[in-house]
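Note sheet for the following structure.
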């Protein structure tokens, strides 16, 4: 072994100290070598450590320091120069790594400090986030309570249940000692305690002035406000014992449609008012109101207002429904009573019609027979007066029946094709004899473009024309009457005086305009609107004694309305005459076949078969007077008449020798319709069967249809005069001869 050139120490080494240094260097080296292993393990397990290269430097520094101490173990004894070189190199490397590490620490210390600051910032953010999460949880909790309370409040639409449920649920949710509701009184000057959470301990009913400062402050805000526990509206808890009052808040509750919330002494007002809700925390507690609890109270107050408004709407709709049901019941009862009254009236009119026409038949028949005898002038005047009065009474009966059917809606027009020109000519023929007596000139002007044939109700159109022209004759003493008929052009349909008339032009229809002008007594313009009402009379002196039932124009107006037309009267005043005008809607017939629509002049057939000598006629009538009157008419015409009083007698008496059978269809016993059916069975051939004619006092369409249905050949409506019987027999026999000729062919 080579000798060491080391400088010898000045004192000899102590063996014990050397041993301690030796052991210390060994453990220092061991610790230094273990620390890098731990750092390597830490870096390997850590995924977020940002300074790995610094740890590498620290590891190298520690390893070198440990190597220095480890090498130093060989320096305690005699050692070679190689050990000295290794020791020197280790210390140089350790010094270099130490300086580099120290410089790196100077560089990374600010970064480490910023990491600390960021850590504090993140901690603050985390704390703030925790507070926000707590607020969110609080809001969610508040929302849950609001939903729960809203569900409970809106589970009913009874206002009392709504208010009571609100107090109970608020008390349970917020842990309240007391909750109360103050409602405004009828005068609106006070608040009355109406509901409390603990009704037994705090009876309701007492009041406080509404203009207290604390109440005004709450009513002027839409937020829940804290109020003094000593406030008059907060003194609703038991006063026994000593306690520290809890915090009290109050909130307003809008009352919408306050008139619908009548409790005790609530006001009946439509203006916007408020109720007051007072909520108290438990006494002797340090609990305070939180913001989210106040928000909950505010939301609940709004929900109560909405629920009350819904309850008000429901109550209003229920009242309206009940009122409507009562009205419907009353209307239904009135309708049934009206229908019963209409049926009773119609039944009465039907009975009275038959009962009145039966004696009228006897009066007119016997009077017409009396006119055929030798009479003195005075007697003839009396008979003519009887005839005129009887005809007037018959017209009145017809008018009443027509008006009755028009008013109850049972009247229907009989639409058919007819000769329009013939209608005007017949009206002229009927009116001329009456006008000639008063020396009145009547002129008829038919426009060249007026269709000869039309589709409509011939009888009712003639009735309207006769009534209007008859009034002109009745109220005229001198002068003349002009009748003008033409097709109304489009420019004449809409008149300023008739704005309610709305014509509907069509290719299949035309509007007939008839104008009747007279030079009579005239009408006061103020009385014109009254003329078309029932039982209306012109009250002028010139016309007061003119007679009439006052139904004619009223019926004409309804007939014209059924024909989609309009009627009006014009007059410049008393003594200046008047003009009656009406427009009706008539149909245009399809291509006409002349053989289909023969025109037989009425009244002309009485000259064809004026003598009915030997004509065998069988008459059935249960009324002795009516039977005698009909027999008298037929005997006067030369007929051979047999009379019976029932259907059974008629079936036994009828034979092929009888040419005509006159039957009163209201005869008791066998139904008259059944009698007609059996006669058809007895005589299968038409030329062998007698002509069946019904005599009836009924004017309805159903009776005539029933007569035609059972095969009757004609219908005569009572009363029957001599001329009417003559014309009917002539037409029947003429038609019967034609049918017999066709049957033989």
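Sequential numbering from 1, following the chain as shown.
Placed from the backbone N, Cα and C atoms, the Cβ positions cover glycine too.
According to TrEMBL, the Cu cation binding site annotation covers 65, 69. Of all Cβ atoms in the protein chains displayed, 21 besides its own lie within 10 Å of the Cβ of residue 65 (Cu cation binding site).
Less than 8 angstroms from the CB of residue 472 (ADP binding site) sit 481, 516, 517, 518, 520, 580, each of them six or more residues away in the same chain. Annotation source TrEMBL lists ADP binding site at 471, 472, 473, 474, 518, 534, 549, 553.
Sequence annotations record features per position, and here TrEMBL assigns ubiquitin cross-link to 718. Proximity of residue 718 (ubiquitin cross-link) to non-local residues of its own chain (separation of 6 or more, Cβ distance below 8 Å) is seen for 357, 358, 360, 361, 626, 695, 696, 697, given in sequence order.
Sequence annotations record features per position, and here TrEMBL assigns domain 'Histidine kinase' to 351-590. The domain 'Histidine kinase' (351-590) scores a mean pLDDT of 80 in the predicted structure.
Positions annotated as domain 'Response regulatory' by TrEMBL: 616-733.
Cβ neighbours of residue 664 (4-aspartylphosphate) (same chain, under 8 Å, six or more residues apart in sequence): 620, 621, 622, 623, 626, 672, 694, 695, 696. Among the features that TrEMBL reports, 4-aspartylphosphate is placed at 664.
What TrEMBL lists as transmembrane segment is 20-42 (among others).
The transmembrane segment feature in TrEMBL is assigned to 54-77 (among others).
The transmembrane segment annotation in TrEMBL covers 83-109 (among others).
Counting only the Cα atoms, the space from residue 473 (ADP binding site) to residue 69 (Cu cation binding site) is about 159 angstrom.
When other Cβ atoms within 10 Å of the Cβ of residue 553 (ADP binding site) are tallied across all protein chains shown, the result is 22.
For the binding-site residues 69, 474, counting C-beta atoms within 10 A of each C-beta gives the highest total at 69. Comparing residue 474 (ADP binding site) with residue 65 (Cu cation binding site), their Cα atoms are 154 Å apart once rounded. The CA atom of residue 65 (Cu cation binding site) is located 141 Å away from the CA atom of residue 553 (ADP binding site).
Long-range Cβ contacts of residue 471 (ADP binding site) within its own chain (separation 6+, distance under 8 Å): 552, 553, 580. The helix, strand and coil residue counts that DSSP assigns across the domain 'Response regulatory' (616-733) are 52 helix, 25 strand, 41 coil.
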